[in-house]
Structure formats: structure tokens, C-alpha cells
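Reviewing the structure listed below.
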Amino acid sequence: MSVSSNDPEQRNGRGMASGNNVDMSLYPPFIKQLDAKLPDYTREGDIEYPFEEITGVGDENRIRGNWSNKSDYLLAVIGFTAGVGSFWKFPFLVFQHGGAAFLVPYLCMLCLASLPMFFMEMVLGQFSSSAAISVWKVVPLFKGIGFAQVTISGFFAVFFNIISAWTLFYLINSFSFSIPWSNCANSWSGENCTLGTRIQCKEMNGTLLVNGSCIVEHASSNETTVIPLHDLGSIPSLKYFHNDVLMLSKGVDDFGTLNWYLGLCVLACWIAVFLCLFQGVKSSGKVVYVAVIVPFIILTVLLTRLLTLDGSLAAVFYFLTPKWEILMDLHVWGEAAVQAFYSVSCCSGGLFTIASYSRFHNNIYKDIWLVLIVDVIVSLVGCLLTFSAIGFTCYEFAISLDKFHIRDGFHLVFVFLAEALAGVSVAPLYAGLFFIMILLVVHATQMFVVETIVSSICDEYPERLRRNRRHVLTTVCALFILLSIPFCLSSGLFWMELLTQFVLTWPLVVIAFLECMAINWVYGVDNMLDNAKWIVGYWPPCYIFWKILFKFICPMVYLAILCFLWLDWNSIQYESYQFPYWSILTAWCIASFPLILIPIVGIWQFCIAKGTITQKWWRVLYPDDAWGPAMAIHRAEKFPLQIPEARRLLLPPEVEIASSRGVLQEEMPMSYDYNTSSAADVRSNRSTGHGATDVRSVAATNNTIPKFERETAI
């Protein structure tokens, strides 16, 4: 039917005559009623002014903001994912499990456990321009996952802040002619402080044997004494960490005193985070140039220096010599799966947040592979750095590599690597560089963890809080300063161990499984991949592989990781100290708290949904009407009739359009299978090479709808 009039005055307020039937193919399949009660445009709403010309200059989304450029965005993702785990966990696993052979299960699990979740969170965050809570408009019943992620991000914020404070404490004390932990002549050294075997034997004017013993000749009696030096006491870096930095108490129930110097470091780190986030992604996007690029430069300098030390090359060759028999050990595969899952910081909400500030049509496929490759490279370079230090330490203590044992976590960074750097010439310089690198790496991660919390809160309540973002940031930082104070007590290390072993481990895997089921089974894997196509313009390569991976392999992998974590769990201890039962029970309760929010919020969403019981289930299992691109110009690329201004352009009053499904969405029977229908549409889209509901394709085939151009303005 031809269009005889385009006069907007002849139409009603929503651009359509009453009584007309509308082709529902121009609506998203989850819109449940004709007009969807779309609100008019406001500056604090979720939809930007429609059809605004996009030139690539300035913010695309002027309400929420965007990254200033692509490099800001990429460095932010790299800074968030390539964290301190590349220096204190991955090298330990490689050393314990067959050297380079461990890379085989690690890379396999990286593709099966990390890549799918990384892809999914980046796509949904960029597609909806929403942070961790608001993104769950996609499946309102599972909105509690967003609250759980924000809660876990709060734990991460405190955790990384304490690590930053410890690092800052070390950094400040590195600015001296002789770093404190290089010798035992200190008040905190204690009785069992032991220097390196070669140094100690040299001080006694002895001769070092191959087995690590020292022969000392006594001039007065012409006798010799053999001393097994490497069996003595503790190295000074461990004494320094326990007695000076932490003022460590006897146990978790012995709170001790507050370390005021450490408390000031905590305050300084939180002030730094506040200043970096004060202007949102505009300021944090500039900080990452220092927080991400400088650590790479320092890492190169440190690696070059350590490779020149005695014994370092032997350890590197030890690393490069694979022990293939470990591939038959299921425990090694379990460790690789756990490390691969945590290596890209999935399921804490940070990836949703970072991706939400990128431009809508940013090519996310290339970004995902680039970030994963950089993450692997950083982990490998971290391994080389650690193995070089191991070789040098074994040389100093006259211990063979096969008999050398290290601990992961805090000990690897603050004890072992600190001890290795203390033996290098010009030690204060290299120790200072090392702790600057660790401080910047941890700060970059903490910065975006806090940004996740702030953005999630502001996105969930935009009318009240988006204009007052700085007030939200101030409140969040002040709250976390108070929560960080208990970790500055003498028992702080024990609580950090509990936090590491319980709160920041298995709850993330539970969230990953629920998130995977909600997106790939409830929302539909086809719809998620269609969102990716909407962003980039083409389907991800190997579409069938991705579909099988998301829908079937990922849930099984996450369940396997969860079972491994629970079955492999042993009674937690720190050195010889056994944690009491009540502290472990407390840690379990804290770890379970974020997960309890998921059913609570789900029940709340069901209760506030309107309609009968069946209609309530319909509303909480299907995407909210507001789900989709944040800007109207992007929504209008496929569903122009969802935008009031577009309806005034596209629908003259006399046009008679029939529903494509024969019934309106509000009259749709509750037995209608949304996922099946949309999946069929998606498969049709793939076969034709374009979206079935793309406005340009509709305009070309339907004479009743005028051609819509992206640059059209009202």
C-alpha cells in the first residue's frame, strides 16, 4: 500500500493510528505489548537522543560516556585481567607441575573455561552499555547474579587494597642504601634468621661444599667443622614480612595491635583509587597508560637483570624441559582449569563494566583474542622472572632445583622474590622497580573493581545517582577504608588467607555456572550470538563450535571445576598454624552470602512482576522491554518501531499493517516458546546474511514503510 501522507499531525502521540495492526517483526521478539509503554526521552534515561549523527569524535553515548579512544579501552581490559596472579600463582603451578608441560592443560582450559565466559560478558556489556546489575535485564529472574558480582567485587576491592598497602610499605622501605630484609642485623630478625648459604659461609671464612654444607677451619685447634647451613632457621625476608610489615600475631583470634604505618598505606592507596576514578573512565582511561605500560617496561628490565645472575639459566632450562607424564594426572588438569578460569577475572562484573563504556560497533572479536594473547604472554614472562629468581636462590643456598620448594600467594612475592632481589647488586634499585611494578599492576585491577561497584549502582538507579556519581564514589571509598582497617591488625594476614581460600574462589565458579545457564539456556545462545553479530556486523567464525561450547561444554566444565575445588579442599593452615573451626565456619558464611542474594533477588523480581502467576513467570524469564542497545540510533537499526520518534517517521496513519505472528505480543499464549522462535529467526539471519528484522531490508521489501537512513534527524 502506498503512503499518501507523512504529516505527523495526523497521527497519534506514538506515530500510529488507533486500531491499526503493526508488523511485530519490527519489534524485538521480547516486547510483550504493542507500545511497550516506552518513556519519553529524558537526559537521565537509558536511551540517548535518537538518530544523532555519529562522527567518531567525542562520546557516542553522551549520557553515560565512553572510553576516549580504543587504546584506553584495551589497556583497561588488559590491566583488569593480567593481574598479580601472573606473578604469584601461575609460576608456582608451572614449577610444581612439570614445567612447560603444564602449558598444555592450561591453554586447553583457557579455551574451554575462560574464553567462553570472557566472550559472553564482553558482548553483553558492550551490547547493552550496562554494568554488572543492569545487564541482567536480559533475564530478570537472575538479576541476583549482578548483586552477587558487585558484592564479590567489594571483597576483591578490600583484598587488592591490602596487597597494594603491603607493596607500598615495601616500596617505601626500598629507598635506602641497604634494604632492610637483606640481612639479619635488625630488631625484628629473631633468633633463627638465616642468610644465604654462600653469604653465611663466606662470613665464617669457610669453604662451601656441593651438598650445601660449609667447612670451617679453626686456626687455634687445627680442626674443621661441617655445618649444614641451608637447614637453619628462616630467611630475613620472611622475618621482615611477619615481624615488621604485619606484626603477625599467634593466630586469627589474637587481633593484636594496629600497624599505623600499614594503615596509612591503606589510606594512601584508597586516595589514589579515588583520584583515578574521579572523572570516571575519562581519568581511569589515562591512568592505565602508566598502570599497564610501565609494568611491562619494568618487567623487561627485571627479567634482563635476573637472567644474568648465577644459576638463573639453569632454572630457565628446567622450566623449558617439559615433563610430559604430568598430562596423565587429573589433578594437574584440575589445577590448570582453576587457574585458567581465574586468570581473566571473569564473573566479578568487571568485564561487563569495562565493555559497557566502549562504542557499540567496536569489533569485540579482535579485542577478545588480543587480550587473551597478552594475558598468556604476561603469564609466561612472569614464569621466566620467577624461574630466574629460583635459579639464583638455589645457587645462593646450594640447593638443587629438584629439592627446592616454594609457596604460592603472598610468600612468592613478598618473601621469595623479595629475598632474591636482595642478593642482587644495587638491590634497592631493582627491589624498588619490582614493587613499583606490583603496585601498578594491583592498582589497575583494584581501580576497575571499584569502578564496577560504582557504575553498577549508578546504572541501577540512574535518575538519582548518575548525576551524583562522585558522591557514590566518595561513599564507596570511605566505606571500604573502614572495612580495610581490620586487615591492618596483627591478625590481618590470617583473615587474608581465609578471604583467599574461601570468599574469592568457589563462589565465582558457582556464579559462572548460573550465568552460563541463564544466558545460554534461558535467554538463548542464538540470541546472545545474534547480539554479537549486531555489534560487529558478522557472525563469529565457527558459529556451530561456539554454540556447542556455550550451551553444553561450558556448564560441564564449570561443574567439574567446582567439584574439583570442593573435593581437593584440605584443612586450611598457614605454615604450622591450624585455623580454628569457628574461623573456617565464618569464612564459609561470608563466602555464601553473595550466593544467597541470587535466590532472594529472584524471588523479589517475581513478586514485583505484574499479572497472574503464569504472566509473572513470563516477565521474569524473558528479557525486560528495556533490554537492548542503550542508544536509540542502535536500537533503530533493527527495531525502529520501538523508538517513538522513529514511529513518527515510519508509520503514516493510513498504513494498514498486519501482525507477522497473527497475534499481538500481549495476546500471545503463554505456551509460546521465545527461544525456539528467536533461534529460528537467528538461523534465518545467518542464511540470508543480514538480520531478518533489519529496517533496511524491511524497507526494501515492504512498500508500506519508507526507507530509513541512519543520519535522519528530527
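Every residue gets a Cβ built from N, Cα and C, even glycine.
Around the Cβ of Asn192 (N-linked glycosylation site), 12 further Cβ atoms fall within 10 Å across all displayed protein chains. The N-linked glycosylation site feature in Swiss-Prot is assigned to Asn192 (among others); the stated evidence is sequence analysis.
Look at Swiss-Prot and you will find Asn205 (among others) tagged as N-linked glycosylation site.
The N-linked glycosylation site annotation in Swiss-Prot covers Asn211 (among others) and is backed by sequence analysis.
Positions annotated as N-linked glycosylation site by Swiss-Prot: Asn222 (among others).
What Swiss-Prot records for 1-21 is region 'Disordered'.
Residues or ranges marked as topological domain 'Cytoplasmic' by Swiss-Prot: 1-74 (among others).
Annotation source Swiss-Prot lists topological domain 'Extracellular' at 173-257.
Swiss-Prot lists 605-714 (among others) with the feature topological domain 'Cytoplasmic'. Confidence across the topological domain 'Cytoplasmic' (605-714), taken as the mean pLDDT and rounded to a whole number, stands at 56.
Panel annotation: around the transmembrane segment (75-95), residues 67, 102-103, 106, 163, 281, 284-285, 288-289, 291-293, 319, 335-336, 339, 342-345, 350-351, 354-355, 367, 371, 374-375, 378-379, 382-383, 385-387, 390, 406-410, 412-413, 417, 438, 441-442, 444-445, 447-449 of the same chain, lying at least six beyond its termini, place a Cβ under 8 Å from a Cβ of the stretch. Per Swiss-Prot, transmembrane segment is recorded for 75-95 (among others), and the stated evidence type is sequence analysis.
Annotation comment: Swiss-Prot describes 100-120 (among others) as transmembrane segment, evidence class sequence analysis.
Positions annotated as transmembrane segment by Swiss-Prot, on the basis of sequence analysis: 152-172 (among others).
The transmembrane segment annotation in Swiss-Prot covers 258-278 (among others) and is backed by sequence analysis. Residues of the same chain lying 6 or more positions beyond the ends of the transmembrane segment (258-278) and with a Cβ under 8 Å from any Cβ of it are 161-162, 164-166, 168-169, 172, 245-247, 284, 287, 443, 446-447, 450-451, 454, 470, 473-474, 477, 480-481, 484-485, 487-490.
What Swiss-Prot records for 287-307 (among others) is transmembrane segment, and it gives sequence analysis as the kind of evidence. Same-chain residues lying 6+ beyond the ends of the transmembrane segment (287-307) with a Cβ under 8 Å from its Cβ atoms: 71-72, 75-76, 78-79, 276, 313, 316, 378, 381-382, 384-385, 388-389, 392, 420, 424, 430, 433-434, 436-437, 440-441, 443-444, 447.
Sequence-distant neighbours of the transmembrane segment (336-356) (same chain, 6+ residues past either end, Cβ-Cβ under 8 Å): 64, 73, 76-77, 80-81, 83, 85-86, 89-90, 93, 97, 102, 105-106, 108-110, 112-114, 117-118, 121-126, 128-132, 135, 146, 149-150, 152-153, 156, 364, 371-372, 375, 379, 445, 448-449, 451-452, 455-456, 459, 508-509, 511-512, 515, 557-558, 560-561, 564-565. Feature annotation from Swiss-Prot assigns transmembrane segment to 336-356 (among others); the stated evidence is sequence analysis.
Here Swiss-Prot flags 368-388 (among others) as transmembrane segment. Residues 74, 77-78, 81-82, 86-87, 90-92, 94-95, 107, 110, 114-115, 118-119, 122, 296, 299, 302-303, 306-307, 309, 312, 315-316, 318-319, 343-344, 412, 417 of the same chain lie 6+ residues outside the transmembrane segment (368-388) yet bring a C-beta within less than 8 angstroms of a C-beta in it.
The feature transmembrane segment is assigned by Swiss-Prot to 422-442 (among others), with sequence analysis given as support.
Counting Cβ pairs closer than 8 Å and at least 6 residues apart in sequence, the transmembrane segment (548-568) and the transmembrane segment (584-604) reach fewer than three and form no contact. Contact between the transmembrane segment (152-172) and the transmembrane segment (100-120) does not hold: fewer than three of their C-beta pairs are under 8 Å, each pair 6 or more apart in sequence.
Same-chain neighbours of the transmembrane segment (502-522): 116-117, 120, 124, 138-139, 141-142, 145, 148-149, 152, 155-156, 159, 341-342, 346-348, 528, 550-551, 554-555, 558-559, 561-562, 565-566, 584, 587-588, 590-592, 594-595, 598, 621, 675, counting only residues six or more beyond its ends whose CB sits under 8 Å from a CB of the stretch.
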